[in-house]
Protein chains: 2
Amino acid sequence: MMKLKATSVAVALVVAGSAWAAVAVRDEPIKPIEPAKVENAAKVELGKKLWFEPRLSMSGIISCNTCHNLSMGGTDNLKTSIGHGWKAGPVNSPTVYNSSLAIAQFWDGRAADLKEQAGGPIQAGVEMNMPHTLAVGILQSIPGYVEEFESVYGKNKIDIDMITDSIAEFEKTLVTPDSRFDKWLRGDDKALSEKELAGYTLFKESGCVACHNGPAAGGTSFQRMGVVEPYKSSSPAEGRSAVTGADADRFNFKVPTLRNVALTYPYFHDGEAATLEQAVDTMGRLQLGRTYSKDEIGQIVAFLKTLTGELPQIAMPVLPPSSNATPRPDPFK
Amino acid sequence: MMKLKATSVAVALVVAGSAWAAVAVRDEPIKPIEPAKVENAAKVELGKKLWFEPRLSMSGIISCNTCHNLSMGGTDNLKTSIGHGWKAGPVNSPTVYNSSLAIAQFWDGRAADLKEQAGGPIQAGVEMNMPHTLAVGILQSIPGYVEEFESVYGKNKIDIDMITDSIAEFEKTLVTPDSRFDKWLRGDDKALSEKELAGYTLFKESGCVACHNGPAAGGTSFQRMGVVEPYKSSSPAEGRSAVTGADADRFNFKVPTLRNVALTYPYFHDGEAATLEQAVDTMGRLQLGRTYSKDEIGQIVAFLKTLTGELPQIAMPVLPPSSNATPRPDPFK
């Protein structure tokens, strides 16, 4: 895709078959998702293998894809995830799709970027429970990986930085352009129904876009959960204050993306909102001091469902087999 | 592919690009794997979705692919699998690849075919722990599935037979033709090294082919584990006698396929052989009364590694989202 900047609106030239069409992007607080640009296909392919690699977990059965299932909107659709030893995690697993567009990673933003994030769940006791040194040792014992890391990084010694770097590179390809809302943003008036458009207007005019803006319709700021009314939760998660130490940051969480939100139920950092209707109702009351009517909630939900984009086609990788020297998984450790 | 029968050998006409080559298949106890014939692509596609569908488990995180991982030779590479509640299963998960070629399913053959097999792990308490009625109810509450089952089966009411039938139809596509051994079988003398060929000769002449024969190099009979010497195991699995009730069938197990055996470690019904070398040594002593030398084991292992075929390219399915009416997973039930 080529992109030209005009004075007031971005003008995109989109190739569709052999026909060219000039499309003005509407000036809205939510912007279209751009397709992924793959700069290093070999690194992405390696990262994809590691994304699906259960040998990065102590048990040998948990991979990144277990909790961020690419077949299910990049989530596990559980309130909180199940990890090593069947332990429940403390917060809801956010979607990996479009996560590259966020200002920081994790609900509390404790990782600056995807690369920094990727190392966390590997070693977390309630997730994959795998020390980084052992993860490296395992991959280093697998001839297929040694060869592939060498071809990508030019070294025959694998390190944890290469592992997280290639996983992040794969994750950057997990964007979901071409939702119906994006088609509308690019000028297709018929892409949204009247109800959906009414829902978007209400979403915008009642203030949701103050936080849910940008290409990901979220992910651009940290905000307090419970602005007008406090949010009641049994979750121990304190949010941003766990990172900054500042009391003012208590219960501040990264605003989640609304992209593919119809696929990423249940909602909120504690997964306590089972449906979109519940989530919209709670957000209206707690964040905006507004009680939406049933019809209004229906309109906003109809709009939210137009944010489901085209999920990338992912071919399952064939993982290189362990060697006799590879440390075996230990589910009960 | 077209196939003509001649008097003594099967003659296959293989299309390679635009060139045709007549290839005589060598008359060996192991036969080439034929590519899958897809008769109903829509049913296969539905079955693929169900294969990757964690909502068929009570926890919402275990799918067929958890224990028969298509990225890992169709197994989980664990001694015995981890199921619902982190419980360990009683036997090693066999590979799903080429399982359509077996005389029966499960180690003890208690399911006649893939369709009958598919219902077992869904409801087994140590596997997916999901009553069939609830599995049906969940799929029936998901509009995307209702539509897809209707288009495949012509009914808008889903039943467990349709679920297992479509999973079986997908599994039938999971064959792995074109291993180096198959190329040799089809006449390519250079497909095997001298060592590999010596290994095959030894494998054949010392009697392994009595059980490991046919296209899957196994799966054609039930045999006693421990013919010459008893097999010592802490596994409670009794084998075929659990199905027939006959004492003579105790410790008789279905002979596993050796196709892709380099990928399907660890070995035996209890997963106690960690490496191919161990497995070959044990089989020689216990089944044939023969102690192979280190060199002989190396030759046989080299041959076994030539049985790794082309794994089919599987595109991850996009699973239809739950509706508000869909019963939610309950990992701790």
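Every residue, even glycine, has its Cβ placed from backbone N, Cα and C.
The signal peptide annotation in TrEMBL covers B:1-21.
The feature domain 'Cytochrome c' is assigned by TrEMBL to B:42-150 (among others). Note on the domain 'Cytochrome c' (B:42-150): mean pLDDT across this stretch is 98.
Just so you know, the Cβ of B:His68 (heme c 1 binding site) picks up 23 other Cβ atoms within 10 Å once every protein chain is counted. When secondary structure is read from DSSP and collapsed to three states, B:His68 (heme c 1 binding site) falls in the coil class. Marked as heme c 1 binding site by TrEMBL: B:Cys64, B:Cys67, B:His68, B:His84.
Annotation comment: TrEMBL describes B:194-308 (among others) as domain 'Cytochrome c'.
The 10 Å shell around the Cβ of B:Met283 (heme c 2 binding site) contains 22 further Cβ atoms across the protein chains shown. Taken from TrEMBL, the feature heme c 2 binding site applies to B:Cys208, B:Cys211, B:His212, B:Met283.
Cα separation, B:Cys208 (heme c 2 binding site) to B:His84 (heme c 1 binding site), rounded: 37 Å. It is 28 Å from the Cα atom of B:Cys64 (heme c 1 binding site) to that of B:Cys211 (heme c 2 binding site). Least crowded of the binding-site residues (B:His84, B:His212), judged by neighbouring Cβ atoms within 10 Å of its own Cβ: B:His84. When Cα-Cα distances from B:His68 (heme c 1 binding site) are compared across the binding-site residues B:Cys211, B:His212, B:Met283, the shortest belongs to B:His212. For the domain 'Cytochrome c' (B:194-308), the number of residues in each DSSP class (helix H, G, I; strand E, B; coil) is 49 helix, 9 strand, 57 coil. Per DSSP, the domain 'Cytochrome c' (B:42-150) is made up of 50 helix, 8 strand, 51 coil. The CA atom of B:Met283 (heme c 2 binding site) is located 25 Å away from the CA atom of B:Cys67 (heme c 1 binding site).
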